[in-house]
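The structure appears right after this line, and notes come after that.
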């Protein structure tokens, strides 16, 4: 239990969307509607065109209308004001629609084409038109919005093989090359202010990738960029086939090159329901941490990131046998690191982060192959080899289960023998010890139930098991805190005043406070309890997870569980130090063995060994030793208290006829023989 619990402890009338899109295309703007109006939809070859007029909004696209026989005109809301509207295109679902304020308009259900993003134009001075404000567009799922200047007419050109003007294609090729060079120069010299200052830097790279995917050029492939930070290659694919793209090897580099293998399935799936023509594959090699500002950016192998895209369309959820393979060639790796395949998740956090979802690593002596079920930007992250490998994990798990069983049996036996004792105890601290043993017994049993319950139980059963396990942990910590309070009364407040129903009040705190805390967590959000996937250790095949019914929100675990543990350890540590000070002040050498046993027992009941949890955040051999000590001592906590109880009973029988010479000695002796 304790091995697995160790890591567990630690405006306008309408507004559309946020800064990242879930559509394949989105255009949004603010429109000042001075009177009632309408929206008109029409078909137009090769481009999406949006025109804002005084009395209407005109939208045209190369998609057949929703109802070819019906009217392509809809009335807009009658109330004047500033309206936010968005035009959405869901490419896979073949849907093209408009949301104007809170009203949706279905424009087309047969929206199929390949968007050629770079050719974007705006005309502010066309007759009988009005400008739009706060204009932005986005292309590809997960990409960030790109702002546009205010205008009244916007056009987005489409790619249709063989129909693009050669002169215009050549101009666009030069513009794309200049955009790549400008981005590389900005990354190379950020101190000179050429790095983009607004938005996520990764969005600029996505925009460049989209430009490359729509670029027209003679021949079958084109390579751009000769610098060390950014390089790009574009390939034309006429018919679906398995594609292998291999870069040139760079001698002396930590990551010397890469190879991309795309299965035929990727191209076949993209062509379903689409017209024939060239499919462009873009590979983009980047080396700058400024584009990928994740918390583990300095752990990327050689700083090399490889982006792969097909036809400017999202590729995801590939079957296991049809996954994409990206092979990184590198020097032999040191033995204390493990390569891990990661991709850049632009939606993680505020600015994105690295993720392993959907990727698997296949290791070789001088290469690492990443098998992934989607296309994006990939890299190899160097993860420090874990101090707790598979062998230690097996030993620690065995110790945990054996310790829990022995601790639960010992706790129950101690409580049973105490209840069967004919001698009535007058000191309330003995009853506090028994309540702590009850809490330990419940914690051991709830863990033994919660771990096997997670993979097989339903949602309700897992929530109940998680709540019971959380309650038992909080109860155990609370009763250890009450042990410290009783020690405070015994050592600091020697002649404390009598409190009526003192034990009852302690029980209300010891059991009531955990119930209140668990109930509040559950009432705030029921999803706070349920299956929790816990990374136990890392291996060459990636993280190995254990599922347990537990608190699903890390913030609750950090602030509530670790916070309560920290307070209990701090207070109980002070109380134990006060007891040691009293013992050293007396200097009764004839009782040194009894005092040593008393201090060891007090350390267990006060939960001092739980402090070893904080040393688990270290590394190396010290961390491994700390984890073993934490697991052994705390798994057997109930058994150790049972041994202490047995030793105190035997000591009490031997010294029942002895008398102490001083009042201080009497005070300590009473504390050592209280159970």
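Using the three backbone atoms N, Cα and C, a Cβ is placed for every residue, glycine included.
Source: prediction; values computed, not measured.
The signal peptide feature in TrEMBL is assigned to 1-17.
The feature domain 'GAIN-B' is assigned by TrEMBL to 235-388.
According to TrEMBL, the transmembrane segment annotation covers 395-419 (among others).
The domain 'G-protein coupled receptors family 2 profile 2' annotation in TrEMBL covers 396-649.
Counting only same-chain residues 6+ beyond the ends of the transmembrane segment (431-454), those with a CB under 8 A from a CB of the stretch are 1, 4-5, 401, 404-405, 407-408, 411-412, 414-415, 418, 425, 461-462, 465-466, 468-469, 471-473, 475-476, 478-480, 482-483, 486, 503, 506-507, 510-511, 531-532, 546-550, 605, 637-638, 641, 645, 674-675. Under the heading transmembrane segment, TrEMBL lists 431-454 (among others).
Look at TrEMBL and you will find 466-490 (among others) tagged as transmembrane segment.
Taking Cβ pairs closer than 8 Å, the transmembrane segment (502-524) reaches residues 428, 431-432, 435, 439, 463, 467, 470-472, 474-475, 478-479, 482, 551, 556, 560 in its own chain, all 6 or more past its ends. The feature transmembrane segment is assigned by TrEMBL to 502-524 (among others).
Taken from TrEMBL, the feature transmembrane segment applies to 562-584 (among others).
Feature annotation from TrEMBL assigns transmembrane segment to 596-618 (among others).
Here TrEMBL flags 624-647 (among others) as transmembrane segment.
At the 8 Å Cβ threshold, with sequence separation of at least 6, the transmembrane segment (624-647) comes into contact with the transmembrane segment (395-419) through 3 or more pairs.
The stretch with the most CB contacts under 8 Å to the transmembrane segment (466-490), chosen from 395-419, 562-584, 596-618, is 562-584.
Beyond the ends of the transmembrane segment (596-618), by six or more residues, the same chain brings 6-7, 9-10, 433, 436, 476-477, 480, 483-484, 487, 565, 568-569, 572-573, 575-576, 579-580, 583, 626-627, 629-630, 633-634, 637, 640-641, 644, 647-648, 651, 668, 671-672 to within a C-beta distance below 8 angstroms of the stretch.
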